[in-house]
Amino acid sequence: MPSNPSPTVNQREQYKDQLPKDPKALDNRFPLYLGDWKKSDPRVDDDLAMDNMDEPHMKRKLAILKKHPDIEKLYGHDSRTSLVTIAAAAAQVYFAYLFGRVWTDTFWGFVVFAYVVGGSITALYGVLIHEATHNHAAPTVFLNKLVGLAANIGIPVPIYASFRRYHLEHHTYQGVTGMDPDLPLEWEKKMIRGNAALKLLWLFIYPVMYVVRGAAMKKTPSTWEIYNIIFTITTDVLVAHFCGLRGLLYLFVSLWFGYGLHPGAAHFIQEHYTFDDGQETYSYYGILNKPYMNIGLHMEHHDFTKVAWSRLPEVRAMAPEFYDSMAYHTSWLLVHWKFITEPGYGPQSRLGRSMEDHKTARKQVGKLRRADEHAYEEMALDAQKLKDN
């Protein structure tokens, strides 16, 4: 039974004549690096869709830079991120004080404010932590780690250091089963499937999944993860002391809302859940990119991880044929709505690949970097040998 029409849009026909052509390219996904796989449908499939190639963004970056080398001039951090972090942390702690010491007799006001304001700020913390993870907030790695800890002040559980560790692995091993911590666990795929009520519940408890998926990797905590735990326990004690336990509860409820069923958290689904065949990463081009610092420009981010949030729109503007030719989203609300209500989408709507396939296909990158006639001849010979074997 086919899925309903995709909620994504693209302008591939408009840009097809502007895309580079290279009939000798070894990787048949060139130049957009779209696969030939079909998305997983939980009504008929029991697992992820599978690909036999490496993640596409390293090769996309090389193809884009060959045509648009000036994109490298966009690399670098944006110090304004540090200022936003300080302001967001101060605001959330202030609100915790208000609900813990001043507005102590309101329940529904507490809940509504925690969702609308607290949840929105907490969703922004996720963006700030993401920027610090990629060293986009400050000029040195150490200073970025401090910014990440500062963003964790308004989140009452130690998230930053673990996110940094596992998110960088996600970029390196995107879609590699057993290595990409962003992939759903077995029970998520088997229990939820396309059931709307279960998907709604799954999104509601999504903050827990961040902890569970990290724990499933069974890794010893790193030094900075231990620092983060100590730092967060300290800030929680201080919040409880100065803002009261109700103030600390406000931070917990804001976290639950902001990382769960909230418009600012829809990018968790938007980024890599497969709404179209052959495409495993999606951008969102909508109004909420303004307050959420372009976190929706995920295709651009994966292609160019050295570009800070403020300059990601320039990447798209400089190479529109590589981005407007891809399927993309225009509404985070529609992302959640379609994902929940359409039985053809579920936690298993992701793409997987084996480590062996990823490594084998990634060996082409060195030759692609040379990008000369001789290199393409070598790749063609290698491809023929693989086919013969």
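Glycine is no exception: its Cβ is also placed from the backbone N, Cα and C atoms.
Note: TrEMBL annotation is automatic and uncurated.
Annotated features in TrEMBL:
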COMPBIAS  1-12  compositional bias 'Polar residues'
COMPBIAS  13-27  compositional bias 'Basic and acidic residues'
DOMAIN    43-81  domain 'Sphingolipid delta4-desaturase N-terminal'
REGION    1-27  region 'Disordered'
TRANSMEM  83-100  transmembrane segment
TRANSMEM  106-129  transmembrane segment
TRANSMEM  141-161  transmembrane segment
TRANSMEM  196-216  transmembrane segment
TRANSMEM  237-259  transmembrane segment
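If you look at the transmembrane segment (141-161), the same-chain residues 6 or more away from its ends with a CB under 8 A from one of its CBs are 77, 81-82, 85-86, 88-89, 92-93, 96, 121-122, 125, 128-129, 131-133, 135, 210-211, 222, 224-225, 227-229, 231-232, 235-236, 239, 248, 251-252, 254-255. Sequence-distant contacts of the transmembrane segment (196-216) (same chain, six or more residues past either end, CB-CB distance under 8 Å): 157, 159, 162-163, 166, 181-183, 185, 188, 255-256, 259-261, 265, 268-269, 336, 339-341, 343, 345-347. Per-residue pLDDT, averaged over the domain 'Sphingolipid delta4-desaturase N-terminal' (43-81), rounds to 95. Among residues of the same chain six or more beyond the domain 'Sphingolipid delta4-desaturase N-terminal' (43-81), those with a C-beta under 8 A of the stretch's C-beta atoms are 1, 20, 27, 29-35, 37, 128, 131-132, 135-139, 144, 147, 171, 173-177, 183-184, 189-190, 193-194, 274, 280-281, 293, 302-304, 306-311, 314-315, 318-319, 322, 343-344, 348, 350-354, 357-362, 364-365, 368-369, 371. DSSP places the residues of the domain 'Sphingolipid delta4-desaturase N-terminal' (43-81) in helix, strand and coil in these numbers: 19 helix, 4 strand, 16 coil.
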